[in-house]
Amino acid sequence: MCLYALILVFLAAFTAGGHPSSLPVVDTLQGKVLGKYVSLEGFTQPVAVFLGVPFAKPPLGSLRFAPPQPAEPWSFVKNTTSYPPMCSQDPVAGQIVNDLLTNWEENISLQFSEDCLYLNIYTPADLTKRDRLPVMVWIHGGGLVLGGASTYDGLALSTHENVVVVVIQYRLGIWGFFSTGDEHSRGNWGHLDQVAALHWVQDNIDNFGGDPGSVTIFGESAGGESVSVLVLSPLAKNLFHKAISESGVALTAGLVKKNTRPLAEKIAVVSGCKSTTSASMVHCLRQKTEEELLETTLKLNLFSLDLHGDSRQSYPFVPTVLDGVVLPKMPEEILAEKDFNTVPYIVGINKQEFGWILPTMMNYPPSDMKLDPMTATSLLKKSSFLLNLPEEAIPVAVEKYLRHTDDPDRNKDQLLELIGDVIFGVPSVIVSRGHRDAGARTYMYEFQYRPSFSSKMKPSTVVGDHGDEIYSVFGAPILRGGTSKEEINLSKMMMKFWANFARNGNPNGQGLPHWPEYDQKEGYLQIGATTQQAQKLKEKEVAFWSELLAMKPLHAGHTEL
């Protein structure tokens, strides 16, 4: 246990005056759940923690590739004091992502299962009274193929800001997004799980001291994309009231596709199923064991690009798909028509989104590759289907970003900047503009800080890598300790911004730097060692790419994987 955050888990009755005299038990629609009290040093009010609360039936058997169903009721007091298994995924990659991003001091050993539709709740409310605190529902990232709830401890955010934090899980990879493109398996099962979790929150969170009329959804990377999809989805209407997308939106390249039939057929073939009809593929894949589907997952080499063979046969993600249910139309069309959930919205990116963690996990560009403009052009052409770039646009982009330098390290940095702009920067600004133009209150930020928790393998020049803001949002400097006063204050400031937004739909508050609304002046906040206002985030890049991509037929990049 670190000096800065001694976490006391009270598994017996409290003895101190004013503390609860027994463990927390709360009623849900399905039955009673037993939690535990946890306190953060320096705070008298403990947080009641409930881990592994079921919000849907286990998605097994005929419920594989099917919408989630309500959890079965129980008549006993369910013990919810230990972490649920994460949804099925590559266990090695899953552990790596957990260890890189967690705000825990200790690395926890993870378990994985197809039976994974559970959520974790952290509530500072006095459960003997009818508190109605703001609710913040976190949707984890991981490319829709990795990640889980228990990486993120909501204790610091909940304690410091007096909010109820709910961390949800959703089916991933083949289990979560397998789509034949028709009624046999429409896909987006993971997004339907997210919607089911939000319904559960509406039905139950008041018993945990939360206000079902003040729910903020927030997420990072594929979690940010999920938040953006839910903002655009008619299914999620009235299930949340504010939204925050960190480093991921519904226009993020590679995460949303119009049609994933070729991938469905590849999954079937790799699994040893016939791919002749949708019905036969779904029937055969439902007979496979969880271990067999995991074997298929590993053979698909998710999160990596095949730069030697036909790159169109390389699938780094099993993406969100146009299903006519979660997404009635492509995100671009929904944004243009201004027909979506116009809740207050924070959208942000990090300064070097493709700085280290993503290139390392995807081995893209290959670490041993000497980069010159010709090599960079070839590399981008091999991944143009993923980045949604027309091949004819690539030489123009390489010329703009690489600027004719002979230094391979400089070329690599510029290529990483190009990819970061295409995948994260430009789409985030376009979504923010669309949200603003629909009349909704919008805020933008760019995170510019290198956390002390960064991997020792990360080059010291990488500041504001993908995922770096999570440490601050979840209070890692407070929970893990051993960091500077500057980093602790940055975390406290970000938690305050996020929680103010959850309370009021506006991040501003006393003692904080002013965060301008993202209006026609396009003011935004640069968050880091120095936090200050700026204007027109990525304006030149958005103009460049918009002009360049105007030569591309509408949605051409979405027609196939």
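Each residue, glycine too, has its Cβ placed from N, Cα and C.
Taken residue by residue with DSSP, S221 (active site, acyl-ester intermediate) is part of neither helix nor strand, so it is coil. Annotation source Swiss-Prot lists active site, acyl-ester intermediate at S221, citing sequence analysis.
Annotation source Swiss-Prot lists active site, charge relay system at E353 (among others). In the three-state DSSP scheme, E353 (active site, charge relay system) falls into the coil class.
Residues annotated as active site, charge relay system in Swiss-Prot: H466 (among others). Cβ contacts within 10 Å of H466 (active site, charge relay system), excluding its own Cβ and spanning all protein chains shown: 28.
In three-state terms derived from DSSP, C87 (disulfide bond) belongs to an extended strand segment. Residues annotated as disulfide bond in Swiss-Prot, with similarity to another entry given as evidence: C87-C116 (among others).
Its Cβ placed at the centre, C284 (disulfide bond) has 15 other Cβ atoms within 10 Å. According to Swiss-Prot, the disulfide bond annotation covers C273-C284 (among others), on the basis of similarity to another entry.
DSSP classifies N79 (N-linked glycosylation site) as strand under the three-state reduction. According to Swiss-Prot, the feature N-linked glycosylation site maps to N79 (among others), an assignment based on sequence analysis.
Neighbours of N107 (N-linked glycosylation site), defined as other CB atoms within 10 A of its CB across all chains, total 10. The N-linked glycosylation site annotation in Swiss-Prot covers N107 (among others).
Residues annotated as N-linked glycosylation site in Swiss-Prot, with sequence analysis given as evidence: N489 (among others). For N489 (N-linked glycosylation site), the number of other Cβ atoms no farther than 10 Å from its own Cβ, over all displayed protein chains, is 14. A helical conformation is recorded for N489 (N-linked glycosylation site) in the three-state DSSP classification.
The motif 'Prevents secretion from ER' feature in Swiss-Prot is assigned to 558-561.
Summarising the annotation, Swiss-Prot assigns signal peptide to 1-18.
Regional average pLDDT for the motif 'Prevents secretion from ER' (558-561) in the model is 34. Among the recorded positions listed here, namely C87, N107, C116, N107 has its C-alpha nearest to that of H466 (active site, charge relay system). Sorted by the number of other CB atoms within 10 A, the recorded positions N79, S221 start with N79, the lowest. Comparing CA positions across the recorded positions N79, S221, E353, N489, the one lying closest to C116 (disulfide bond) turns out to be N79. Look at C284 (disulfide bond): DSSP puts it in a helix. For C273 (disulfide bond), the same-chain residues lying six or more positions away in sequence with a CB closer than 8 A to its CB are S280, M281, C284, L285, K288. Annotation for the disulfide-bonded residues C87, C116: lowest Cβ count within 10 Å of the residue's own Cβ, C116.
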